[in-house]
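Some notes on the structure that comes next.
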Amino acid sequence: MALPLAFLFTSPGPVLVEIGPITIRWYGLLIATAVLIGVSLSQYLAKRRQVNPDLLSDLSIWLVIGAIPAARIYYVLFQWSEYAQHPERIIAIWQGGIAIHGAIIGGTLAALIFAKLKRVPFWQLADLVAPSLILGQAIGRWGNFFNSEAFGRPTNLPWKLYIPIERRPPDLASFEYFHPTFLYESIWDLMVFALLITLFFRSLAGKPRLKVGTLFMVYLATYSLGRLWIEGLRTDSLMLGPLRIAQVVSLTGITLGLAGLAWLYVRKRPLPDVVSSPKDTE
């Protein structure tokens, strides 16, 4: 008799392997994998756009330095009542507890500074990074699976996720199975990635001719749309009073993304497209 599908979504635990005093966690491995794949992809896309791929290698360092600390700070700020009592946990990022919206904010600020220093168009960089960013998010979400965190409400759907009792919210301790929101978001992110990559390669042939900034705006709007829905299922949302912070930020992301696209394509002033871009020489 086949095992219920739910057992396919039972975390083996957060630790991949322990070698003496060294502990390698799934979360860290997935983040590292996402970064490596993202850098390689963005370099490849840069070559196709006739942009120096080394520029993207340098940018990736700035993005990591900007995004990861910002993701942690964002999370800690909205969980301050807990971390104020245990300040030693603030730096324990390997235990989980980072917010993708914080990473996007920190990474964007880092990219703006990088673009200013290198004297290259920010929006050109943003377009080249957008597919890598959403693919990295799809990979990184599986860290939530291994940590048994960021899951949804109780459910009996065939694809339900088992959560150990010690990881369940106190008011839901009697429930065993929950929505695998990590899976929902990972699938959504892959769909957004497919859309962005399709637009990128079709634009190489000029069908359609995309203006600089298009891919990033599409990323911002579409990712935020999926997150808006998925966040409503979660049991551990960061809150500000009665509001789910991620949903507020997602609504903002949808608005900014759509407004950005309207600004690019509706206004009368012609803007350069991204069919051919000059090589960076630095």
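Cβ atoms are placed via backbone N, Cα and C, with glycine included.
Keep in mind that what you see is a predicted model, and the values were worked out from it rather than measured.
Here's what Swiss-Prot has on this protein:
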- 19-39: transmembrane segment (TRANSMEM)
- 59-79: transmembrane segment (TRANSMEM)
- 90-110: transmembrane segment (TRANSMEM)
- 120-140: transmembrane segment (TRANSMEM)
- 181-201: transmembrane segment (TRANSMEM)
- 212-232: transmembrane segment (TRANSMEM)
- 245-265: transmembrane segment (TRANSMEM)
>> Can you work out which residues elsewhere in the same chain, 6+ from the ends of the transmembrane segment (90-110), have a Cβ less than 8 Å from its Cβ atoms?
In response: 14, 25, 27-28, 62-63, 65-76, 78-79, 83, 126, 133, 137, 140, 143-144, 147, 149, 238, 245-246, 249
>> Can you tell me which parts of the same chain pack against the transmembrane segment (59-79), counting only residues 6+ beyond its ends and a CB-CB cutoff under 8 A?
In response: 31, 35, 38-39, 42, 90, 93, 97-107, 109-111, 113-114, 125, 129, 238-240, 245
